[in-house]
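According to Swiss-Prot, the domain 'C2 1' annotation covers 1-98, on the basis of sequence analysis. Per Swiss-Prot, topological domain 'Cytoplasmic' is recorded for 1-1958, and the stated evidence type is sequence analysis. Residues or ranges marked as domain 'C2 2' by Swiss-Prot: 241-362. Swiss-Prot lists 405-536 with the feature domain 'C2 3', giving sequence analysis as the kind of evidence. Residues annotated as domain 'C2 4' in Swiss-Prot: 952-1077. What Swiss-Prot records for 1124-1250 is domain 'C2 5'. Annotated domain 'C2 6' per Swiss-Prot: 1470-1588, in sequence order, evidence recorded as sequence analysis. The annotation Ca(2+) 2 binding site is assigned in Swiss-Prot to 1503, 1509, 1558, 1560 on the grounds of sequence analysis. According to Swiss-Prot, the feature domain 'C2 7' maps to 1711-1860. Marked as Ca(2+) 4 binding site by Swiss-Prot: 1831, 1834, 1837.
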């Protein structure tokens, strides 16, 4: 019998070296031969044979290790391959290729190939089928619930698995389709205590190897591309996140922050009212700002920008209400009448994408009358910017889309556009446990006189919601007031204000103060889904927290009672309920006002809130360390309180006790006895006289070290216990706990996945699958647990609804998790990770229970009867349940608790010192569950009770005495720290670390002047005594606290930061070896307050000292090469493995160095240091003359860790060399990550394909030329923007063009070249940018939707209505809207977008170029140099910017030695320049800098009137241009259109500052904002940022080529610099560069129209696709405009506006460029609009005639274009129209200036009579026509109006009959015309006005003719106003009915009688004739009859 292993190859090795392999089986090892100088692959091709005596067992192992071989040192392990031989035993022969794993059990890239044969004597090898491996019998399910942290803890649970599976016994497959993993249990399954003693199996095989093998057995090679792969899920943590407890020390909320709210009021539409003069008021909090007033219009246009600045805590900010109101005819004397308002809170805006609403319509409603409906719309932008928020401003270009008001309402996503009015009922029943709020002096006086003892508080409740307040009555002198009142608010539903604030206040004669505050988030008490519910809550108790209960006149923590910051003590609890009722506003009996009103409500029963239960809280203090030394001199005790129970200093106010007795809940004797009677018999015996013990006995602290003390508890641990009575609402907390645990588990898993991705470990997708696996299992477990609960007492509506919705959500989440799990592939990990992060947010949201039950527990440290520091522990975290999942996460566990100072004291440096660290055990449960309260304590203690005797077993102990203790040694391997806080004025620190563990502490050595200390020190803590059972300490060891300090020569060390860690624990009986030991170095994040302050690289291990003493511990073998005295270095095996690296440094120059100690820097030098080695630059002899270095490249060699993540930082220091050999530190910079500077040799494969044949790049969609691949072809006609892969749109465009060529009529003529200018190009480009943005957004939305649909489709089991995640429905809604809108547009041909005229375009970047092109640091990097102490959060004034004292320009390149020779053998390799080949010289160079400033947008107002008078200031070196004369008056969006030329010399003048200042008539001008541009980096960048490459080459016209070098010259230069072959121009418009061929046009037209041959187009094609050129290609900067934010140093981090500009640079040693492009603002064109009012008809009749009561009107028509004040014109009056008909023949003439590109009229006028100069306004071109009734004595009456937008208005009707109201109401659906295109138009238009019901009605019709002429045309054919010459109009033929009673009675009779009674008269006449006929008939018939009869 023998086992033969054929070792074939090992591939994907890193670096170059000698390799050797070692193959081990049954303890016998063979070594392979040594392969020398292997690079990528080692071909061993060797066989090893083991003759064996006994059969090979299925679970025996084969191990192969691959090493780097070294003759001198020990061989270094590359990786290991281990394999279980089960498959070999069964099949006899196997070929395997698999990846190796490293020491950490992580798969690495290196792959091994082997072949194994097993020869048995009898040939008994079974055939092994796939099915067997995949099918696992169901009955085994239970046994595979292995622990999730088994990899971490090293515990191996292999019981119950069949032999021969993996060591873990984790069968990874079951029959596909059965649901893959056996369900992971959510709660941690407790294992028997002796489990771990089995010891760690030394070789844990990674579950993943099994997975891979299993796949291969099925003949599959790539594990993650196939469906089976989705089976591979890893549910154990891969990264060791457990060792990093995340403990936040400082309260995060409550600290004030800078906010800026900007509101742009653009316009209003459809305002309700007649002939109004509207003003818009924007109100935020107390501040109000108003727009200007617009006269006589219902759709005013404002475009005014307002800014509000705040400095408040976030919570206060987000609760502020933004109120937008429209007021009619407000002036100095009158406040005006309110038209309507719109309200939302700041938080709603902040939660929007980008923190803003852009161009949305706010719907106004009338707060005084809710039955009226919509009162109009205001279009506005609202943005909320916090410090450091970066807001992308959408470009302010096209406004066509936003006219659809309904589709663009200012509402968050998910809120329906039709909001209804609703009543919000807040019922206030009663309160309990109020603190006293008056000093007792007066009370004592009163008591002495009157003899009564009153409660010292007069409470009432204040409720605030949506900017309104309501309050209850005041209950005098009552600690337990009963109100039974309700506050009723009327507000739109859903409301846009998220929180409701309920506050108990104390009524006082001087000022009322808050007792406690509670916020109710409406989103948490409602659900907006299909099966959702309206906001509802209670009746439930809410707990209020705030300052401590002792009353002082000046309470320093009063803010806490107002709800700011975390409450530090229980204040009271309040019984409330909330309900909402949607109103039907049509019903008559409804109250129409929105005022808040109060009503009494009936009392509710005691039991409504749940059954009263007795709760028991037990706590034990196992350790109290790190007590701040300030309080270390007096005895200290700890007090634990829950509600008012346990509070001995200022707890229950005595008079209230009598009441408490009824409920059971106090401390007097009769109460106890009463309780005993109520309780069951045995309890009565047990509890005999159980009184609470809420505090520990005082004890004097003992010193730990110079900063901290500890309490000497040793083996005697004090305990506390409290009995309290609360309503039993544990179910709420249980559900919350389950969800919290699921969320914690999910968060841990996701952090792990992120860590795997970050550290580039293998298979993050498997871990993510495992996470989703666990999530879906946990969700289904939640549903079963939540379903079980049947206890209904005290259940509120919210409880029931919330449970239903939580179950629905969890079910759907579980389904989605299952679905997503199947979609996780290697390439989708990041996307899916984002999706799963949404789950986490949803879980956290669901877990937050809005209805409180048991108050939180507070632990106070008390010294000298004063409260010093506290910790607050949510009661749900320590709540006990028999079901594991429902138990609080800290219940019955020992936890580290850190105490902190209360309130504002906890902010800033004072709050950073730990006040005390407690190791504490807490348990809270029902008194009847009390038997379990000691269940989780570390075992080995005896109880010490207060009372001795029989029958008191159940009395809790007052202390525990531990007899069992374990002795440990802690080893803290402190390797290094990086990016520490700069604590000294030099900008550096002298850091040392202090490590605290239990009651011990030690320090590292102090390293001076560094922010990245490498201590490399092992701290050994001997004889650390820990109490408790060994196994528990192993699984959950105590926390280690590491604090970093800066050593100061004088005074005490300054705190730098703190981090926490947990050690890896080894018990005596465990083996010290892989995979758990030795521990790996890890980075721990250091925090200073809430700010990250660096990282610590360290490892910690806790080793149990057994009976053999320290001798048995693993030896400490440090490196032998250095002797550091008593300091132990970090031992081998833990310290990183080092390799030799060379670091090359490019020294370019220094810039902007500030003075040091008032002296200028003259002779600076740069020192570079990394890991103890370094290099110095050459000395700059005269910094002023030339700040560049003479020697460019230097290098040094250094040993660095092979693991890139452990690389130490590189330090850059600049020193100034002064006389007498002194040198002074100027500034320093630490490069924390060297990763981006690591040199990677160019990919050989990339070089090889250069020889495979030419690649032709083609631009046209025709079939590709068959040369090799693709071809670039640009005809002279194609579109300006060329992309290599033509996307769909472009193909469409091409098709369209071809159609056009075929002779189809083109809709819009090509614009004439002479008409076009630079601005045409600019506006066309902006439109393109907007279209691209829109397309991107649409694509993104579509992708998201598709993703949702995929998930929905795959999880089809979900009931249709449960599925949608929040926010999917509204999307669909908006999509429908869009599609209907599009349909509308397409049905009528006019609204379709006209095809864009062909204009050459440029690139508009809506950010600065630097962010688009990596700050132009492609080879030259800028390192900021810092000096001075870093600022903390509260030193708002010290920002990092202020610490910058200069910049070092240079670069780094590091690579492993030795370097391959190919690189150095390259042609022209300069050994002096190392890796920095082909870098230009850094000699001074003269450059012409040309700066183009286009415009600024959204400037911060600088004047009192809310405007600014901006002008441009440009600084570069000594040049300083102030364009003060050309300031632009009162503009926040000024168009500058200027260019400036400056000559500069690099490097002395390289920082360009462009600033916008505000011009002031008196005093100095203020800076609005500035932006800085580093021109040098741009100049030298490979992206060629000197002058943008235009899209087309033209020699004349608006798009003339502006670079002095033509494209062909540029291309030739680039090819030469990049050592490329080419350019070779060939026939047929081809050019070849390297191996690419480009095609393009070859002719050019000059000004005279002659065509000539040119290569420029071809060269330009190559330049525009330069990034595709192999090896040297990169994107060249196109012709562009960049948008840069303006910042003001006084308001750091908040944008003050934006500026659009670009910069060109031209070297002075080449031919000079042509003149600058003219970008001066377009002058508006002068037009004249002539409006002839011919007739009116059907005008409503307003006047009653004095004599006859007859209706008539005296009609005249008024019109204006710019504004009523500016150019109002009236016709004459048509008196006494009885029919509504009026004849005028009257001409209005309106001259105006018009900007075609912006479609705006430009007016210049003085803003007020006091204004210094005229202000320019741009307003839309709208013609207003109104019809009025003239009155002689009173004011004229307004009858109706029409407003025509001259760019698009409905075509007039041909006759008055066809003219209808629809022309106004359905304007969007009708075809529209533009007067600028039609020039002349005539027709009938309706006049409209609103009636009493605010509905539009027709009030008349007007026949008018509009005629537009340019100023020149108007001059040639002048006309007169009215009916005057020239070209007079004839007088109308009016019926003369004025004053005619006396003049012409007949005519008037005709008018009055005939007009009104004509039908009556006609009917009467007809009747008369009929009667006459009948009479004549009757009269003549007898005679006629006689005649007939007689036959006469």
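Just so you know, glycine gets a Cβ as well, placed from its N, Cα and C.
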Notebook entry, point to check: Applying the rule Cβ within 8 Å of the centroid of the Cβ atoms of 1831, 1834, 1837, what extra residues of the same chain belong around the Ca(2+) 4 site?
Noted result: 1742, 1829, 1830, 1833, 1835, 1836
Margin query: Check the DSSP secondary structure of residue 1837 (Ca(2+) 4 binding site), expressed as helix, strand or coil.
Written below: strand
Checklist line | Additional residues around Ca(2+) 2, ordered along the sequence, whose Cβ is within 8 Å of the centroid of 1503, 1509, 1558, 1560 | finding: 1502, 1507, 1508, 1510, 1559, 1565, 1566
Item checked: Nearest of the binding-site residues (1831, 1834, 1837) to residue 1558 (Ca(2+) 2 binding site) - Cα to Cα -> 1837
Margin query: Among all protein chains shown, how many Cβ atoms are found within 10 Å of the Cβ of residue 1509 (Ca(2+) 2 binding site), not counting that one?
Written below: 22
Item checked: residue 1503 (Ca(2+) 2 binding site) and residue 1831 (Ca(2+) 4 binding site), distance between Cα atoms, whole Å -> 44
Notebook entry, point to check: About how far apart, in whole Å, are the alpha carbons (Cα) of residue 1834 (Ca(2+) 4 binding site) and residue 1509 (Ca(2+) 2 binding site)?
Noted result: 44
Note to self: Let's check the environment of residue 1503 (Ca(2+) 2 binding site): how many other CB atoms sit within 10 Å of its CB?
What the structure shows: 13
Check: Three-state secondary structure of residue 1558 (Ca(2+) 2 binding site) from DSSP?
Finding: strand
Notebook entry, point to check: Looking at the stretches 1-98, 241-362, 1470-1588, which one shares the most CB pairs under 8 Å with the domain 'C2 5' (1124-1250)?
Noted result: 1470-1588
Check: So what's the average pLDDT for the domain 'C2 5' (1124-1250)?
Finding: 87
Notebook entry, point to check: Between the domain 'C2 7' (1711-1860) and the domain 'C2 4' (952-1077), do 3 or more CB pairs sit under 8 angstroms, pairs being 6 or more residues apart?
Noted result: no
Notebook entry, point to check: Rounded to an integer, what is the Cα-Cα distance in Å between residue 1503 (Ca(2+) 2 binding site) and residue 1837 (Ca(2+) 4 binding site)?
Noted result: 40
Notebook entry, point to check: Cα of residue 1509 (Ca(2+) 2 binding site) to Cα of residue 1837 (Ca(2+) 4 binding site): how many Å, rounded?
Noted result: 41
Margin query: If you count, for each of the binding-site residues 1831, 1837, the other Cβ atoms lying within 10 Å of its Cβ, which residue has the minimum?
Written below: 1831
Check: Sorted by position, what residues of the same chain at least six away from residue 1560 (Ca(2+) 2 binding site) have a C-beta under 8 A from it?
Finding: 1503, 1509, 1566
Notebook entry, point to check: Could you count the residues of the domain 'C2 4' (952-1077) that DSSP puts in helix, in strand and in coil?
Noted result: 6 helix, 61 strand, 59 coil
Margin query: Among 1558, 1834, the binding-site residues in question, whose Cβ has the most other Cβ atoms within 10 Å in this structure?
Written below: 1558
